[in-house]
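The block underneath contains the structure these notes are about, expressed in structure tokens.
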Amino acid sequence: MAEAFVSFGLEKLWDLLSRESERLQGIDGQLDGLKRQLRSLQSLLKDADAKKHGSDRVRNFLEDVKDLVFDAEDIIESYVLNKLSGKGKGVKKHVRRLACFLTDRHKVASDIEGITKRISEVIGEMQSFGIQQIIDGGRSLSLQERQRVQREIRQTYPDSSESDLVGVEQSVKELVGHLVENDVHQVVSIAGMGGIGKTTLARQVFHHDLVRRHFDGFAWVCVSQQFTQKHVWQRILQELQPHDGDILQMDEYALQRKLFQLLEAGRYLVVLDDVWKKEDWDVIKAVFPRKRGWKMLLTSRNEGVGIHADPTCLTFRASILNPEESWKLCERIVFPRRDETEVRLDEEMEAMGKEMVTHCGGLPLAVKALGGLLANKHTVPEWKRVFDNIGSQIVGGSWLDDNSLNSVYRILSLSYEDLPTHLKHCFLNLAHFPEDSEISTYSLFYYWAAEGIYDGSTIEDSGEYYLEELVRRNLVIADDNYLSWQSKYCQMHDMMREVCLSKAKEENFLQIIIDPTCTSTINAQSPSRSRRLSIHSGKAFHILGHKNKTKVRSLIVPRFEEDYWIRSASVFHNLTLLRVLDLSWVKFEGGKLPCSIGGLIHLRYLSLYEAKVSHLPSTMRNLKLLLYLNLRVDTEEPIHVPNVLKEMIQLRYLSLPLKMDDKTKLELGDLVNLEYLYGFSTQHSSVTDLLRMTKLRYLAVSLSERCNFETLSSSLRELRNLETLNFLFSLETYMVDYMGEFVLDHFIHLKQLGLAVRMSKIPDQHQFPPHLVHLFLIYCGMEEDPMPILEKLLHLKSVRLARKAFLGSRMVCSKGGFPQLCVIEISKESELEEWIVEEGSMPCLRTLTIDDCKKLKELPDGLKYITSLKELKIEGMKREWKEKLVPGGEDYYKVQHIPDVQFINCDQ
């Protein structure tokens, strides 16, 4: 494994030497010596990796080599960047720069000679230890080849989670009965060891038709080991009242009071997933009233937690799979599309498969991991290698003993070991994040790009390929929400995260700092070896000034409840080799981002999302290698953005502040590599800057009075790759009617469109992009019913009308309209009184949300014809609505076929 990481580092170093050969002239002799030693080193790596398991000495050799490769890359890249920066004009500046250049060249030559000598010494030690040269004639797949293979694999992998459901049908039925038919038990607990399928079982119960009909509202909160009282209460309230914008501003007392009153008055189901200790319940129990009506489904590895929460708790013990069920689940993963008519699996492979699943201890997680491991192996010899590996390195046993846990861990580890090097690197990056984190896939893709895992292709595409492969192998769980208005996230199962942490420690990949006063880190024994930091405590920022952190390449601060403050202006002085810096939600003393940020010339990734920053320094112009820059800071006053972004020509992702001061003028025309641009303002930039951004796939733009829709539209004509276009709300756009200027039919790739601009009438359907899938209309002020036009957009799958998008009183969805629509949301349309849905309209509709439309008299009668409808959310409507639509109500016939009907805040 270490050999793979060293080889990966060497490959990047060779690429750097080749790419910058012209700028490295003058130190050719030193570079030739370095290259000779690197070739010798490369030939020793295979044998070294084969012998590392039996020798600490060999492991140390490999760690030394990895450090040397990193050091060489840092030295060479620093030299190139310093040579590129500060092209001064005038004789004096030229002379001064020439002197600095000669000094730098002398220093880099000396440094390279030092690295070469150290490599030579390590090679000598390795050879004296008996490590042999192995010339590897193979080659790794190129990025394009890997993507092609992944596309082929992906075609044969199931899109549905139904493959997980083996042996749980009776358990689901039993649990549903206890929740909807039995009033004796306030709390129902699912208990069992990690990986046994508690969460999968709870999720099936949570979404069951009978459960959805029985309760008025639902909340699902993952508690996990690290949580705060306030965070759990916020999450429950957000689930029960998703459109309440005041929740995040409430203190603990206000949260407790509101939740208590809500649960006391209604019939709600609350799922607390992954509660570890009895004491955890004591921290959060104050919001749950004694009055019955609400119920709780709780999952825990500790049976005592449920009984501690409620002495009358019904404890359901999740059971392991028997051998037949284990093999059935494994088959579903390995052969997702096979049916009974197809040729049977080779008898020898089937026999090996059934033997291998016995080592999984009946745990679904381990079975799925094994299935993912076998899914891309199609021959008897390939299966035999996996079979031998499992059989020789683990010992089977009963599912309760330590041998079985070791067996399960080994199964999960094998899935990791089977990954190609680039995916190992991707996987270990997930160790940065705390347990149960929802990890933004967008951020993750750019982390990977900043690490140099891929380049040359669109970053989002490459990231999607790699993430899908990790999901396919059951190493990562993806949020498969087809509503693209919502952020995409991925997560890790607890046990898989333990594997990730263990491997990260083994490879000295990462140091996690939880408390600077103790050694609770992944790599406490040798912190100087780790070049990545993840800070999980606001108290730990002071360690960034330590000299042993000077080689750190990545610093990520995941979001926690506590505040993170950076108070020192010199905080970045010792971090000059950083490639990744994520300071989202961090607060800066005086609101100033330190000028020392300009010294981080190696940065590829910088996020200040929701950071408390009111001043950005002009020294940011030095960050010429940035691929990702997020400046959506948390500031009440408009912020000044210096006109230095134009020099960051490598940028692929740029998110600008929503409030910029009048003095901000940004020249962005040279950012031709951008794929994602949020917050582009025609007040602060010229619309012609967009003409050259032909790689853009996502654009969110704010219009000003001096730029009309027609002008903008003509500037966007060259953006043929644009997939998402959002027009952001501003007071200026609300004062102008853009109806006559709307023309977007030339955007043939556009899938998502958001319009927060005033239009008295919806444009004709021929003016919309021809393949539009998702449409969001807000603050449009339309006076005519938009439905006759929208229902003719044949590819639409989701429509959302919000906050006075429509000012009329009557809407009609006619027969045959919206042939592919799956989701519709009508929110805060204060003038809407009547909505008619004709039979034959919206035949594919699955989810309908009506929120705070106070004048709407009743639910459309035509909903009774939409048999595809699975979920109906009624929120913020009058009590009469709920009384009419519950069983026995006069309008119940309209919704009796809908499995999941939710009433949220409908008690007024």
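A Cβ is built for glycine as well, from the same backbone N, Cα and C atoms used for every other residue.
The coiled coil annotation in Swiss-Prot covers 15-57 and rests on sequence analysis.
For 146-459, the entry in Swiss-Prot reads domain 'NB-ARC'.
Per Swiss-Prot, ATP binding site is recorded for G192, M193, G194, G195, I196, G197, K198, T199, and the stated evidence type is sequence analysis. DSSP classifies G197 (ATP binding site) as coil under the three-state reduction.
When averaged over the repeat 'LRR 1' (575-600), pLDDT in the model lands at 91. As annotated by Swiss-Prot, repeat 'LRR 1' applies to 575-600.
Helix, strand and coil residue tallies for the repeat 'LRR 2' (601-623), in that order: 5 helix, 5 strand, 13 coil [DSSP]. Summarising the annotation, Swiss-Prot assigns repeat 'LRR 2' to 601-623 and lists sequence analysis as the type of evidence.
Within its own chain, the repeat 'LRR 3' (648-673) has Cβ neighbours under 8 Å at 442, 446, 449, 459, 609, 623-633, 635, 637-641, 679-681, 684-686, 688-689, 691-695, 702, 728, counting only residues six or more beyond its boundaries. The repeat 'LRR 3' annotation in Swiss-Prot covers 648-673.
Shown for the repeat 'LRR 4' (693-718): DSSP residue counts in helix, strand and coil, namely 7 helix, 5 strand, 14 coil. What Swiss-Prot records for 693-718 is repeat 'LRR 4'.
The repeat 'LRR 5' feature in Swiss-Prot is assigned to 722-746.
Marked as repeat 'LRR 6' by Swiss-Prot on the basis of sequence analysis: 748-770.
Sequence annotations record features per position, and here Swiss-Prot assigns repeat 'LRR 7' to 793-820 based on sequence analysis. Long-range neighbours of the repeat 'LRR 7' (793-820) within the same chain, counting only residues 6 or more positions beyond its ends whose Cβ lies under 8 Å from a Cβ of the stretch, are 482-483, 485, 765, 768, 770-787, 826-845, 855, 860, 862.
According to Swiss-Prot, the repeat 'LRR 8' annotation covers 842-867. DSSP labels the residues of the repeat 'LRR 8' (842-867) in these numbers: 5 helix, 5 strand, 16 coil.
Across the repeat 'LRR 9' (882-905), DSSP assigns 7 helix, 5 strand, 12 coil. What Swiss-Prot records for 882-905 is repeat 'LRR 9', and it gives sequence analysis as the kind of evidence.
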Task: Spatial neighbours of the repeat 'LRR 9' (882-905) far in sequence, C-beta under 8 Å, 6+ residues away - done: 207, 209, 212-213, 216-218, 240-242, 858-861, 863-864, 867, 869-876
- [ ] Counting other Cβ atoms within 10 Å, pick out the least crowded of the binding-site residues G192, G197.
- [x] G192
- [ ] Please name the residue among the binding-site residues M193, I196 whose C-beta has the most neighbouring C-beta atoms within 10 angstroms.
- [x] I196
- [ ] Determine, from DSSP, whether G192 (ATP binding site) sits in helix, strand or coil.
- [x] coil
Open item on the list: By the count of other Cβ atoms within 10 Å, pick out the sparsest of the binding-site residues G194, G195.
Closed with: G194
- [ ] Using the recorded ATP site (G192, M193, G194, G195, I196, G197, K198, T199) as reference, state which further residues of the same chain have their Cβ within 8 Å of the centre of those residues' Cβ atoms, listed in sequence order.
- [x] T299, R301, A318, L363, P364, L365
TODO: Identify, in sequence order, the residues in the chain of T199 (ATP binding site) that are 6 or more apart from it along the sequence and have a CB within less than 8 Å of its CB; answer 'none' if there are none.
DONE: D273, D274, T299
